[in-house]
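Okay, so here's the structure we're looking at.
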Amino acid sequence: MEKDEIHLRRLPAAAPWGPHAGSEFHGVDFLPEDLNEAPEETGMRVNKKYSCLPAEEKGIHIINIRAIEDIGYDQHESTLLNSLSKNPDADCKYGLYFRDGKRKVDYILVYHYKKSSAGRTLTRRVHHNDSSARSTKQDQPLPGKGVQLEMGESEPHVDYHEDDKRFRREEYEGNLVEAGLELERDEDTKIHGIGFVKIHAPWNVLCREAEFLKLKMPTKKMYHINQTHGLLKKINSVIQKITEPIQPKVAEHKPQTVKRLSYPFSREKQHLFDLSDRDSFFDSKTRSTIVYEILKRTTCTKAKYSMGKGEGRKKETTLLNKRRKCGKYGITSLLANGVYSAAYPLHDGDYEGENVEPNDRKLLCEEWASYGVFYKYQPIDLVRKYFGEKIGLYFAWLGVYTQMLIPASIVGIIVFLYGCATVDENIPSMEMCDQRNNITMCPLCDRTCSYWKMSSACATARASHLFDNPATVFFSVFMALWAATFMEHWKRKQMRLNYRWDLTGFEEEEEAVKDHPRAEYEAKVLEKSLRKEHKHKETDKEKLTWKDRFPAYLTNFVGIIFMVGLTFAIVFGVIIYRISTAAALAISSTPSGRSSVRVTVTATAVIINLVVIIILDEVYGCIARWLTQIEVPKTDKNFEERLIFKAFLLKFVNAYTPIFYVAFFKGRFVGRPGDYVYIFHSFRMEECAPGGCLMELCIQLSIIMLGKQLIQNNLFEIGIPKMKKFIRYMKLKRRRSLDHEEHMKKKQRYEVDYNLEPFAGLTPEYMEMIIQFGFVTLFVASFPLAPLFALLNNIIEIRLDAKKFVTELRRPVAVRAKDIGIWYNILRGIGKLAVIINAFVISFTSDFIPRLVYLYMYSENGTMHGFVNHTLSSFNVSDFQAGTAPNDPMDLGYEVQICRYKDYREPPWSENKYDISKDFWAVLAARLAFVIVFQNLVMFMSDFVDWIIPDIPKDISQQIHKEKVLMVEVFMREEQGKLQMLETWKDKDKKKGENCNNHSPRLSRSHSGSLSSCHSYPLDV
């Protein structure tokens, strides 16, 4: 060998020599992990497991390749790479497999590493003896594009924080190898400073964990699903033909006639399962779930610089011992502490391009995550296969909800059209628009406002009839029954999915997962135990009590009260704005400005409310998460439920407080002319329009609902991920090497997925739909078109969410679930609350009850003629308080003696002038009676619907029973086969024994070996 040459060779994977001959070893590239980024440590550590020659036979030094340029070797780094190793990207399908092209990548761990300050040292001697206290497993470098480096000599500048992270990674990855996983590291990527650890779960690990998790897997046994007969079969076939164009073109969506019997996987009963193709027996979703369970379970207890230097060293041993006892640094803790920056399973491949191989992600993008297929059903089974049951259930629920909005939208449109058709026949609005009545109304504000004609509110009165007519009462009852039917329909759909997805009998496993403590909880317990140990107290088994959490509970209580108070204060501020703006516009010199005061004030105030709601929604979401984090819930399930409760409470109050004000408080505490109620002694409380507050409630509800859906749900969901993706792209572009060859190299799958947005959970998706469900049900009496707008939004929302999950987000870990959890209880609560709120809206906000009272108690000819005059009281203008009378009493062109205002009070010529009249009490009694009757009747009808519709479809219960019977038959046959085989062996043993006993004694002695073999036969078996 010439002295100017450096020969580095990759040894074959199956080398039959070395300290681990015959072991499963795939070889190691003795190359640096990244030629552009020198490793943190200054020398290479060669471990015995990955060394192909014994240490004493090598007698060589590994030269730091980074130093080649410094000593005059003019080979470029990329040229050196090409000369030393072949590009394996095509063989490993660009990151979907290990570099051997056979082992599939099931999970990815990502970490940051920094360039060492001594990275350009000329040479480092290979160390064979490790003086540290690490175990052999932890010292083994991972197979990958390089080997781990180790401290060859003391460095002047050591980043202890980074060294501690590297130390924990080594230990954790060593523990993963001990758990049976296979790892491979890659730091030679286009994203500099980022390292990737690829994880593969071999067959024996998959089998072991599938048995631990009680995963139901399909067996060889198949059975026919019960089919309908006769008329139902013909109806189903006709429906299938009609709906064929709107069915997605995926194999999983085709109707099944045969189903495989499923059984929890067991290594002892592998013969029951179809293992002909082991590579596809566990799909990618199941493999990533299994690996994630191992990552959560595997712990990391060491920390190299945990207590610093000097006097802290004495405490370090105690700290590490405590961590070994109760501190468990699983993957969630390591991610929180920055040891790893990300952990995620890989997508199946690319979803767009010319030469893209067919995969589930591409199929989902074409048949689900495309706006062009908005009219088709969702391929829910394929969604579940790719993303898991929890996400599959969310999209299934969203699909059922959207389907159920179709009949609600149709009925709402009919109700609205009925109002349009009968608006010209509505006598009260005709009386208000009739200028011959010449009804003069009292001023809307003090001094600056003048008297006005009722006929000027004609447009508002006619528009109110579109939403305030007898059909809206029917629609309120209909929507209450619709909500109950929707909940029952979803329960039945959920049971069908549980049967199809083999989730029956899932509770036991769910309980086991539920008790797994969170990393933050364990850290708090560790901190508490260390404090007690410092005080020389016994710490056998610590846990957080209510005393430990009391400061957090107090903060939660004060924080929530403050946020609710802030929402009320903002609504109150908007009220002040409305009152002051109305007074200011009333001074306007133009008649058009004075006539459009009410519309202008209402529209601008609602827009302000909308902007505030959208801003506070984001703020409240962050505050709810922070409040939940400081509580330190023990399990992920507890954390999620507490977070949902806080976020829903704050967002519910934020979204509905302005609407509640208009529906139930506006115009209720106004007072009367001459005795008005004032805020801060200067602002008079605002009144409802002559046609009632229902029209204003409709405007408020429609603008807030449509604005939230358009801006918050759609623009934010499209714009913010695009903006984040663009920012990440620009950052990576700045960091990217100027090397053209490196720039043109195709990215690995895990690099592409790393640039995607992390999955943040389903809580925001559910929350947005639950708030919308409240808009559809709570105030539907005032806005019958709400279901229509919700339907149009959801058609876009499904495809928008689908596109986000398939193309914008990293693939989430599949989570098994058999229902939608706490969201179902929230939906039921909103459904019950909707009945009460609609009863109050109809009775107190609309004029439905006063009309009925007038029609049946006060009308002279049984018609609505005279109703408007009946609802107005009279006021003598001479009774105005000093300084409150209009500045221009002759604004209408004549002197006003009596003005009218909407209320039930005694006239000024009565003995008890301006007192509440008996008509008020009659209307109030009718309103309360209606609330009681409506609420109880609708609740009874909803419960009746709930009772009459069974939760489990009859055919599904039959199929579940059939599965149990078939499974018993399978095991009975297996036991019978075993007994028959055992009896056959016994018979053979008896016959052999008799043959042996029939021999002569001499022959028996001469064939003692044969005789002994006869008796040992059962033992051999």
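Each Cβ is built from the backbone N, Cα and C atoms, and glycine gets one as well.
Residues annotated as domain 'Anoctamin dimerisation' in TrEMBL: 97-380.
Per TrEMBL, the feature region 'Disordered' maps to 121-149 (among others).
The domain 'Anoctamin transmembrane' annotation in TrEMBL covers 383-963.
Taken from TrEMBL, the feature transmembrane segment covers 394-418 (among others).
Residues or ranges marked as transmembrane segment by TrEMBL: 471-490 (among others).
According to TrEMBL, the feature transmembrane segment maps to 553-579 (among others). For the transmembrane segment (553-579), the residues of the chain that approach it from at least six positions outside its boundaries are 445, 546, 601-602, 605, 608-609, 612, 616, 620, 623, 627, 630-631, 646, 649-650, 653-654, 657-658, 661, 679, 683-686, judged by C-beta separation under 8 angstroms.
Sequence-distant contacts of the transmembrane segment (599-623) (same chain, at least 6 residues past either end, Cβ-Cβ under 8 Å): 559, 563, 566-567, 570-571, 574, 577-578, 581-582, 585, 647, 650-651, 654-655, 658, 696, 699-700, 703-704, 707-708, 711-712, 764. Residues or ranges marked as transmembrane segment in TrEMBL: 599-623 (among others).
Sequence annotations record features per position, and here TrEMBL assigns transmembrane segment to 643-664 (among others). Sequence-distant neighbours of the transmembrane segment (643-664) (same chain, 6+ residues past either end, Cβ-Cβ under 8 Å): 556, 560, 563-564, 567-568, 571, 574-575, 606, 609, 613, 616-617, 620-621, 623-625, 627-628, 693, 696-697, 700-701, 704, 708, 763, 766-767, 770-771, 774, 778-779, 782, 822-823, 826, 837, 840-841, 844-845.
Taken from TrEMBL, the feature transmembrane segment covers 769-792 (among others). Proximity of distant same-chain residues to the transmembrane segment (769-792), defined by a Cβ-Cβ separation under 8 Å and at least 6 residues beyond the stretch ends, is recorded for 398, 401-402, 405-406, 408-409, 411-413, 415-416, 467-468, 471-473, 475-476, 479-480, 483, 648, 651-652, 655-656, 659, 663, 694, 697-698, 701-702, 704-706, 708-709, 823, 826-827, 830-831, 833-834, 837-838, 841-842, 845-846.
Sequence annotations record features per position, and here TrEMBL assigns region 'Disordered' to 990-1021 (among others).
The compositional bias 'Low complexity' feature in TrEMBL is assigned to 999-1021.
Same-chain neighbours of the transmembrane segment (471-490): 397, 400-401, 404, 407-408, 411-412, 414-415, 418-419, 776-777, 780-782, 784, 787, 824, 827-828, 830-831, 834-835, 838-839, 841-842, 846, 848, 934, 938, 941-943, 945-946, 949, 951, counting only residues six or more beyond its ends whose CB sits under 8 Å from a CB of the stretch.
Mean pLDDT of the predicted structure over the domain 'Anoctamin dimerisation' (97-380): 75.
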